[in-house]
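Data block below; observations after.
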Amino acid sequence: MKTLITVIIGIFCISCEYTLRLEPLSFIEKDNSNVINDKNCPLGMPISRGKISLIGRDGYTSGYSDIHKTSIWVCEEMTKEELVGNARRKNRFLPDPTIPRNNRAELSDYKNSGYDRGHLAAADNYKNDQRLNDETFFLSNISPQIHSFNAGIWKRFEQKIRDWVKQYGKIYVITGPLYFENSHEALESSFMQKFIGKNKVGVPSHFYKILVKDEKDISILAFVIRHEASSSKVQLNTFLTSVDWIEKNSEINFLPALPVTREYLESRVGEYW
């Protein structure tokens, strides 16, 4: 039986200025239908600035933002066993029933918006379980994406990660959107500039992925890709960056339980696998 647990991390708004509160996560059980699965976040659940709702599903765990109307991080434990099976992609996108109506994206927000409904945790990561595959289509796991980005570099990146999972057996993945006013190279602010729909779903300027391989002899790769029309043929290693860079510019501590002896891995750009 699944139990849904939602976690609220404090935010205070005075004239739209937010006060930083980095506190340990505390769990608030809302019903008995879904249980937070810690296996998705073996190095600790990300700690975010501001208010999030923590959503736990068997396939992934996510930190949902009422402001952006999507998850600002999604954690997955990807295994090669989950990549094999008969689960089919139904493309049945739905508003997330665990999020109050006035705080969530609706299908109408994406209609005629000019943007695809882009997955954070990809549907094809869950071929061995139809329910897990279906749950990736909740709009809390979706961000607006330019079609050529979604069907191009993002799709190829998702497949490359699945190839690595097949090669190494298991990889932990954290995925999310970023909202920058300026370019990846020169960032001075992170205020969201564009919205779609009546519910004002934020359109990201960039997307990131953090990959962790081997919990004992840890290896980490971090990527940031600018959200723009792009060729799928661009080399993925050109998007490599450090975890520290993403943390600084997102104000999220992604790996709070990373051993002290491995913290140096966050400050450097990893060697492409």
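Cβ from N, Cα, C; glycine included.
Going by TrEMBL, these are the annotated features:
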type	residues	note
DOMAIN	56-261	domain 'DNA/RNA non-specific endonuclease/pyrophosphatase/phosphodiesterase'
DOMAIN	57-261	domain 'ENPP1-3/EXOG-like endonuclease/phosphodiesterase'
ACT_SITE	HIS119	active site, proton acceptor
BINDING	ASN150	Mg(2+) binding site
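Note on the domain 'DNA/RNA non-specific endonuclease/pyrophosphatase/phosphodiesterase' (56-261): its mean pLDDT in the predicted model is 93. The DSSP secondary structure for the residue listed as 'active site, proton acceptor' is strand.
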